[in-house]
Amino acid sequence: MQMPRRFNTYCPHCNEHQEHEVEKVRSGRQTGMKWIDRQRERNSGIGNDGKFSKVPGGDKPTKKTDLKYRCGECGKAHLREGWRAGRLEFQE
């Protein structure tokens, strides 16, 4: 799917329409200290593993877009709900 890199849209911080630049959100670093990771570590041992004994489900064929819209006027960014797209390319 083709999408323009810059376009006019509403900025919730300026409370008016401004030109925004679109960028893909990069995932942050994962940590092993999340509650689910600690629970998995606690429950691993002898006996039934409960919900961890189930086979994890597979991936969907397409992923939802994860985009950040940065305002050209105030410089603040906001997120919006994504949609399913096989491939997302930006037009200059």
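Here the Cβ of each residue, glycine as well, is placed from N, Cα and C on the backbone.
Annotation comment: Swiss-Prot describes C11, C14, C71, C74 as Zn(2+) binding site. As annotated by Swiss-Prot, region 'Disordered' applies to 22-63. Taken from Swiss-Prot, the feature zinc finger applies to 11-74.
Shown in sequence order, P12, H13, E16, Q18, G72, E73, G75, K76 are the same-chain residues outside C11, C14, C71, C74 whose Cβ sits within 8 Å of the Cβ centre of the Zn(2+) site.
Look at the zinc finger (11-74): DSSP puts its residues at 13 helix, 17 strand, 34 coil. All chains included, 13 other C-beta atoms sit within 10 angstroms of the C-beta of C14 (Zn(2+) binding site). Counting only same-chain residues at least 6 apart in sequence, those with a Cβ under 8 Å from the Cβ of C71 (Zn(2+) binding site) are C11, H13, C14, Q18, E19, H20, A77, H78. With the fewest other Cβ atoms inside 10 Å of its Cβ, the least crowded of the binding-site residues C11, C74 in this structure is C74.
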